[in-house]
Amino acid sequence: MKVLVINAGSSSLKYQLIETESEKVLAKGLCERIGLEGSKLTHSPEGKEKYVEEKPMPTHKTAVQMVLDALVDEEHGVIADINDISAVGHRVLHGGQYYSDSVVVNDDVKKVIKDCFPLGPLHNPANLIGIEACEDAMAGTPQVAVFDTAFGQSMEPKAYMYAIPYKYYEKYSIRKYGFHGTSHKFVSGRAIKFGELDNSNCKVIVCHLGNGASISASVGGKCVDTSMGLTPLEGLIMGTRSGDIDPAVVQYIANNENLSVDEVLNILNKESGVLGISGVSSDFRDLSAAAQEGNKRAQIALDAFIYRVAKYVGSYVAAMNGVDAIAFTGGIGENDCDTRYKICQYLGYLGIKIDEEKNKERGKEIYISTPDSNVKVMVIPTNEELAIARETLDLVK
Ligand code: ADP
């Protein structure tokens, strides 16, 4: 079976066509600058030359059509007919409290995605447009919504409630949801298999450290806590997001700089994090290089990032009364050995011992702890597209 995975953003659309038996990627690509000047499709078919097409893409509908045309093209295509695609799996940011699992799209599902626009104002509208564009172009092909918030739905009220007047939860569903759920579910699942852990009781912490970063705690594969909140702004220090701060900071900046709450939130989302502290970059490779050259703010940014991750791990160990395995994933978690090592140095009290040689490995499934470490520490590369393809297959086969 061939499943098309779509991740539609406000002006972009990423895709992968996956053969589900072999789990091979037949083609992948990206539509950029949808609705803007200079839009472009970059299509990478397996075993063939990369194909780039610069053509106006006024809407996501045009983008989807260009993707489908590229997939069946005689030269750079990988399938003979659009009907060879058995189903489409869509990454959808926010499913609110409605969905704790992936679901085949129908009118009710589309209504929920729409009802969640206020909770995911940048992504949910684009996700819905992506779904509707595929429905138009591929009538009769099942569309599946895979929610980034689904994994977090197993949290108990003590973990997801904010200590604010209850009426705001009742009126506006304000609570912690958590994001990166597809990745946390995939990686914790792999950690259980790779680590040969007890399926029903194992305590796993996943550190998804990329430009966006979050941590989850799960027991027996079910999420009990996670660091992102109502929006992806809460939790860890990220590339450009502040993560946890005293909410009074918003008022203080707004009053002193004569900015609106929306403007301050924009600063907290896009100009903060390690970029904000360092003034250098949101990219960890740039930060490490700058720190090595003696840039103090870059060093503080790196130290603060690592410290925050270690604090979260510690709090989740307390929340679960123990931990069996810790898995690192995401661009930083999979590749940045130094950051991994420094996080683990905070965790010696758990009896964690890191094998420095093994920790030099990047981007593959591996233990980085020693055999006598009290907790299994591993690197598990995430693969959100494959996870979406698997969820889609499960629902339509
Ligand atoms: P996104 O949240 O955008 O998916 P990624 O998971 O791709 O982000 O992670 C991007 C981050 O990973 C960047 O900060 C980048 O510097 C870091 N990264 C990628 N490769 C390496 C590497 N070899 N060494 C250190 N950091 C890396």
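Every residue, even glycine, has its Cβ placed from backbone N, Cα and C.
The Mg(2+) binding site annotation in TrEMBL covers Asn7, Glu384. The feature ATP binding site is assigned by TrEMBL to Lys14, His208, Leu209, Gly210, Asn211, Gly212, Asp283, Phe284, Arg285, Gly331, Ile332, Gly333, Glu334, Asn335. Summarising the annotation, TrEMBL assigns substrate binding site to Arg91. Annotation comment: TrEMBL describes Asp148 as active site, proton donor/acceptor. Residues annotated as site 'Transition state stabilizer' in TrEMBL: His180, Arg241.
Under DSSP, Glu334 (ATP binding site) is assigned to a helix (H, G or I) in the three-state scheme. Nearest to Asp283 (ATP binding site) in space, judged by Cα atoms and limited to the recorded positions Asn7, Asp148, His180, Arg241, Glu384, is Arg241. With every protein chain in view, the residue among the recorded positions Lys14, Arg91, His180, Arg241 whose Cβ has the most Cβ partners within 10 Å turns out to be His180.
When the Cα atoms are compared, Arg91 (substrate binding site) and Asn7 (Mg(2+) binding site) turn out to be 5 Å apart. Listed recorded positions: Lys14, Asp148, Asn211, Arg241, Asp283, Arg285. Those with a CB atom under 6 Å from ligand 1: Asn211, Asp283, Arg285. Secondary structure from DSSP puts Asn7 (Mg(2+) binding site) in a beta strand. Every protein chain shown contributes to the tally, and the Cβ of Asp148 (active site, proton donor/acceptor) ends up with 25 other Cβ atoms within 10 Å.
Rounded to the nearest whole angstrom, the C-alpha distance between Glu384 (Mg(2+) binding site) and Arg285 (ATP binding site) is 23.
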